[in-house]
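Working notes, structure below.
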Amino acid sequence: MSKKLYIKTYGCQMNVYDSVKMQDLLYPFGYEPTENIEDADVIILITCHIREKAAEKTYSELGRIKKLQDTRKKQGLNSAIIVVAGCVAQAEGEEIFSRAPYVDIVVGPQSYYNLPELISKVVRHEKHLIDLDFVEEAKFDNLPEQLYPQGASSFISVQEGCDKFCTFCVVPYTRGAEFSRNVEQVYREALKVVSSGAKEITLLGQNVNAYHGKGPDDKIFTLADLLGHLAQIPNLERLRYMTSHPIDMTDDLIKLHGTEPKLMPFLHLPVQSGSNKILKAMNRKHDRDYYFDIINRLRETRPDIVLSSDFIVGFPGETDEDFEDTLDLVRRVKYGQCYSFKYSPRPGTPGATRTDQVPEHIKSERLTILQQELTAQQLAFNESCVGSIMKVLFDRNGKFDDQIIGKTPYMQSVYIQNPNKSLLGKITDVKITKAASNSLTGEVI
């Protein structure tokens, strides 16, 4: 009889990728995924530490799991093995056992390949096991090839960690230094996902455009080299990459946007602030003019490119004038979509130690103003697509039985009626008939 594995994933696409790899890793040991936590023999939380709210979700979920464990005990059933993985695990380590002593395993992002052994030890009644080693090569060398198809759109992790040390960010401390997978590993995984039906691959990294992996004859491949190499794979129709840092937008990568048709005309390029003073305080290593120059060069190379970004409001020392600079940058760039957040002090980062923290109510006011501007831009872009014909990759079911959802080259979600789901996994021409701020509606032509 198979054992059941339940994984709940918080945070970034890298965590989503890691969750798939955990399924592949544990399947040979008899664990099959389940969407019902009550059936699980092993429960894994893949956690995010980028903001305080995200980290606290871990403990809220652990509290709910504790109630489930208590119910099982009353019914005379075995307890599930509880694993906390991801960046909260790496950042807080033993503290997790203090706050949630019923947790069995704490494992960091670079040590997932040890999960079968750790779980086996818990089965043998060992408790409070922890593995937070930072050996990036070991992770990629030991993770299995794909067993579970990811569908029409797949993630592949090609780079982990970050050397930039932005003063608001925990990633260098939870994911470690920048490390790139070798080209052969990535190419082999790409062939595997395409052979199982993927039409689109998104290359992932905390700082993906800093990729510098070894290729044949020990040649160092840039991200542009890697994308060009993968573009040669038959039946692979779309390529994307995220998340990028502005200072690593190299000439060859910008040029590739104009020469490689499989590279989608959409780029997520976080800037975080439009104020030079705040950019310097964040240690972003560039100013707003540098960012504008990249945007201009991208648009000259690929006129139809659409941009996305991340913004943080209320970083320590941010004045009304600094915030106005951010609004000015947003209005000048004109984004297709964006993500915006209030600054959240993270323990161990330089930003958290500053004495000029912005009051919470001011952060909230600024976030509301910024999000209104960003939502208006996103709606305007979506409305500009009404009446056009777009190629849509349908990759998931909708809320209703006769509905499926796909995405345009610009990462917009498109809803259509397709009762027999015959278009799932396919790229199809769709006429856009309606726009909302977060989605489009269309008809197959």
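Numbering starts at 1 and runs along the chain as it is shown here.
Even glycines carry a Cβ here, placed using N, Cα and C.
Feature annotation from Swiss-Prot assigns [4Fe-4S] cluster 1 binding site to Cys12, Cys48, Cys87. Within its own chain, Cys87 ([4Fe-4S] cluster 1 binding site) has Gly11, Thr47, Cys48, His49, Ile50, Pro109, Val170, Val171, Thr174, Arg175 as residues 6 or more apart in sequence whose C-beta sits under 8 angstroms from its own.
Marked as [4Fe-4S] cluster 2 binding site by Swiss-Prot: Cys162, Cys166, Cys169. Taking Cβ-Cβ distances under 8 Å and a sequence gap of 6 or more within the same chain, the neighbours of Cys166 ([4Fe-4S] cluster 2 binding site) are Gln272, Met282, Asn283, Arg284. According to its DSSP assignment, Cys166 ([4Fe-4S] cluster 2 binding site) is coil.
The domain 'MTTase N-terminal' annotation in Swiss-Prot covers 3-124. For the domain 'MTTase N-terminal' (3-124), the model gives a mean pLDDT of 92.
The annotation domain 'Radical SAM core' is assigned in Swiss-Prot to 148-380 on the grounds of sequence analysis.
Among the features that Swiss-Prot reports, domain 'TRAM' is placed at 383-445.
Listed in sequence order, the residues Lys164, Phe165, Phe168, Val170, Val171, Pro172, Gln206 complete the 8 Å Cβ shell around the [4Fe-4S] cluster 2 site centroid, once Cys162, Cys166, Cys169 themselves are left out.
Neighbour density for Cys12 ([4Fe-4S] cluster 1 binding site): within 10 A of its CB lie 20 other CB atoms from the protein chains shown. The Cβ of Cys169 ([4Fe-4S] cluster 2 binding site) lies under 8 Å from the Cβ of Ile50, Cys162, Arg346, Thr349, each on the same chain and at least six residues away in sequence. Taken through DSSP, the domain 'TRAM' (383-445) splits into 2 helix, 33 strand, 28 coil.
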